[in-house]
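Each remark here refers to the structure printed beneath this line.
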Amino acid sequence: MLYHSLLEFQTFAEHTNCVNSIEFSPFSGDQYLCSVSDDEIIRLCDIETSNPLNIFNEHNNVVCCVTFSPLQANNNNNDNSDETIRIWDIEKAKRLIVFKEHDDWVACVKYGSNELLNTILSGSHDKSVRLWDIRSGQQVQVFNGHKDYVKAVEYSPFVIKNSIDNSNVICSGSFDNTILFWDIRSHKKELHVIKEDDVILCFKFLKLNRQKEDANNTKNDYSFNLCCSFKKNQSYLGIIYIFKKNHFSNLFSI
């Protein structure tokens, strides 16, 4: 194994406890860095000047994760162990929305895209997955099926086969060793289960772009694999596993 020395370029040392998550702004050329911490504070810094810009300090427990909204460039949200999800205006340091239906730590959040752009997906230590509408500030669906903490959520690239309205599919990974697939428009039983021997820590869908020839021209044929990381045998080994598309091809379409 090779180790390369890194030259320290900048240091931001305002937090007084463990930093749990950082996110660069998807606007202004990644100029802004947002960070959240066990000190219960969210901080926004300017990378170019190394100056702190804003502090968000309404939480009363550990803040676990942060992400910027793709909908409005000056908004971000965070999830935390005071059981809430909060959306902030980062320019005014003003809280806009609070979602607070979870009964335990909120471990993960994701913004939707395309037709789901106005939604947020969350997973919690209360074992539930919840879908929220940003416009109304209300919970849309709650998905119950996991037997332990939910640590990862994703909007999948799949839709349900033979679905008249092309209902989207979401996924959740848990300490109960499963990844569950759900119909986003129904809170009924999960559509599909991937069962593993180990805790699910995180996962992502990998888009594969392949060219397919037809009688007239060459077209792009998109395929997806699922990449996962587990806590294997009660230890964090840093291994990433990939499930191929045929794991899902009989269930969903793209």
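Glycine too: its Cβ is placed from the backbone N, Cα and C atoms.
Given the structure is predicted, the values throughout are model-derived calculations rather than measurements.
According to TrEMBL, the repeat 'WD' annotation covers 56-98 (among others).
For the repeat 'WD' (99-142), same-chain residues at least 6 beyond its ends with a Cβ under 8 Å from one of its own Cβ atoms are 62, 64-65, 67, 69-71, 77-81, 83-87, 148-155, 168, 170, 172-174, 180, 182, 184-187. The feature repeat 'WD' is assigned by TrEMBL to 99-142 (among others).
The average pLDDT computed for the repeat 'WD' (143-192) is 84. What TrEMBL lists as repeat 'WD' is 143-192 (among others).
Broken down by DSSP into helix, strand and coil, the repeat 'WD' (99-142) contains 3 helix, 24 strand, 17 coil.
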